[in-house]
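Undergrad: Straight from Swiss-Prot, here's the annotation block:
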- 24-249: domain 'Radical SAM core' (DOMAIN)
- Arg33, Arg82, Thr116, Lys176, Arg278, Val279, Arg280: GTP binding site (BINDING)
- Cys40, Cys44, Cys47: [4Fe-4S] cluster 1 binding site (BINDING)
- Tyr46, Gly86, Ser140, Met210: S-adenosyl-L-methionine binding site (BINDING)
- Cys273, Cys276, Cys290: [4Fe-4S] cluster 2 binding site (BINDING)
Amino acid sequence: MNSFSGSLEKAKTLTENNAPMVDPFGRAITYLRVSVTDRCDFRCTYCMSEHMTFLPKKDLLTLEELDRLCSVFITRGVRKLRLTGGEPLVRKNIMSLVRNLGRHVQSGTLDELTLTTNGSQLAKFAAELADCGVRRINVSLDTLDAQKFRQITRWGDIDRVMEGFDAAQAAGIKVKLNAVALKDFNDAEMPELMRFAHGRGMDLTVIETMPMGEIEEDRTDRYLPLSQLRADLERNFTLVDSDYQTGGPARYVTVKETGGRLGFITPMTHNFCESCNRVRLTCTGTLYMCLGQDDAADLRTALRASDSDAYLSAAIDEALLRKPKGHDFIIDRTHNRPAVSRHMSVTGG
C-alpha cells in the first residue's frame, strides 16, 4: 500500500481550487463507497468464512475521521455516497455519522446519501435513517425460503429482514433488492424473488458472484453467468432494455409482465469498467481505486498528518493517478483461488 509522499506546502497549493477528481482515463469520480466496518451479523457463505478474524477496533478510523474524509471527497466532486460494510448498521453509534453526512444532502453539495444493508437492523434504524436524509437503500436478500436463508447466511433470521422491509417502506425509504445469483441454489427462485420485489414496488438487481477472499466452499461451483440467467427468464418474461441508471454499474430492463425493473451487475461476463465513476474507502482509511485489484492508498496517514485538508486532498489526487482502466476478475478454475485476496466485507460491498 502506498502513502502520500508529497510535501505539505505542495499539498496546500494543489487544493486551493478544490478541482473535480478525474482519473487518467478521463472518468470523473463522483461516487464514493465507504465501508464503515468489516464486521457483520451474518456469515454469508460466498462472502466470508464462518469464523472470520475481524480487524482490531483500534485500527478503525473514528466516526469523526470518517466524516472528515467523506467531506473532503464531497468537496472534490463526489455526488453520491454509499455506506457499506460488513453490515454498516452494526457499528456502534453509526447514526451519528449518518446524521453528520446528511448535512451535505441538506446543503445540496451531495445528491444522495444511501447504504447497503442485510436488513437485520432496519426495523430499529429505518425511521432515523429517513430523518437523516437517506431516501434509498439497497437490501441484500438471496432467497425467500427461510431454511435456505439460514443456510446461506449461517446466522440470519429472514423474519427480521422482512420486518426491516416494512419499517423502511413505512418511513418513506425506497428499497432496492440485491440478490447474488448462485447456481443450483437460487437460480430457479429468481422469478419468485422478482415477483416479490416488484409486488412491493422494489427494483431487483442480480449480481454475479465475485472471486474475492478465501471462503470454505468452492465458489466456482456456484458461479452463474447472468447471460444464462437472463436467457432463462426470457422464456417466461418479456425483458425490455431500459436506459434507467442509478449511478452504479447495473444495467436495467423493464419486465413487461410485472411492470418492475430488473438490474444486472456483471463483473465477470460483461464488465462495467469503461464507465467506472467510483472509488472505495475502508474503515481503516485505505482507498481502493478498483474493486478488482489490490492496489491501494493509505489515506489515514495523510488524514492524521495535519488538521488541514490540503495534505489529504493531495494524497487523494496521487492515488487517483493509479486508478486502472479495468479490473482483474476471473474465475480461476485451475488453481481454485480468488482473483483478489481480501474479502468483500473489508473493501465494502
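Using the three backbone atoms N, Cα and C, a Cβ is placed for every residue, glycine included.
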Undergrad: Across all the protein chains here, work out how many other Cβ atoms are within 10 Å of the Cβ of Cys44 ([4Fe-4S] cluster 1 binding site).
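TA: By my count, 20.
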Undergrad: Binding-site residues Arg33, Cys40, Thr116, Lys176, Cys276, Arg278: which have a Cα within 10 Å of Ser140 (S-adenosyl-L-methionine binding site)?
TA: Thr116, Lys176
Undergrad: So which binding-site residues are near Arg278 (GTP binding site), with CA atoms within 10 Å, out of Cys40, Cys44, Gly86, Met210, Cys290?
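TA: If one measures from the Cα of Arg278 (GTP binding site), the binding-site residues that come within 10 Å are Cys290.
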Undergrad: I need the CA-to-CA distance for Met210 (S-adenosyl-L-methionine binding site) versus Cys47 ([4Fe-4S] cluster 1 binding site), whole Å please.
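TA: So the alpha carbons of Met210 (S-adenosyl-L-methionine binding site) and Cys47 ([4Fe-4S] cluster 1 binding site) sit roughly 9 Å from each other.
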Undergrad: Nearest of the binding-site residues to Cys290 ([4Fe-4S] cluster 2 binding site) by CA-CA distance, picking from Arg33, Cys40, Cys44, Tyr46, Arg280?
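TA: Closest recorded candidate to Cys290 ([4Fe-4S] cluster 2 binding site) by Cα: Arg280.
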Undergrad: Which of these binding-site residues is closest to Cys273 ([4Fe-4S] cluster 2 binding site) if you go by CA atoms: Arg33, Cys40, Tyr46, Lys176?
TA: Arg33
Undergrad: Using DSSP and three states only, what is Thr116 (GTP binding site)?
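TA: It is in a strand.
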Undergrad: Per DSSP, to which secondary structure element type does Cys273 ([4Fe-4S] cluster 2 binding site) belong, with helix, strand and coil as the options?
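TA: SS state of Cys273 ([4Fe-4S] cluster 2 binding site) = helix.
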Undergrad: Going by Cα-Cα distance, pick out whichever of the binding-site residues Cys40, Cys44, Tyr46, Cys47, Gly86 is nearest to Arg280 (GTP binding site).
TA: Gly86
Undergrad: For Gly86 (S-adenosyl-L-methionine binding site), what is the tally of other C-beta atoms lying within 10 angstroms of its C-beta?
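TA: There are 28 such Cβ atoms around Gly86 (S-adenosyl-L-methionine binding site).
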Undergrad: Just counting, how many other CB atoms are there within 10 A of the CB of Cys276 ([4Fe-4S] cluster 2 binding site)?
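TA: Around Cys276 ([4Fe-4S] cluster 2 binding site), other Cβ atoms within 10 Å: 22.
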Undergrad: When you rank Arg33, Arg82, Gly86, Lys176, Val279 by Cα distance to Cys44 ([4Fe-4S] cluster 1 binding site), which of the binding-site residues ends up on top as the closest?
TA: Gly86
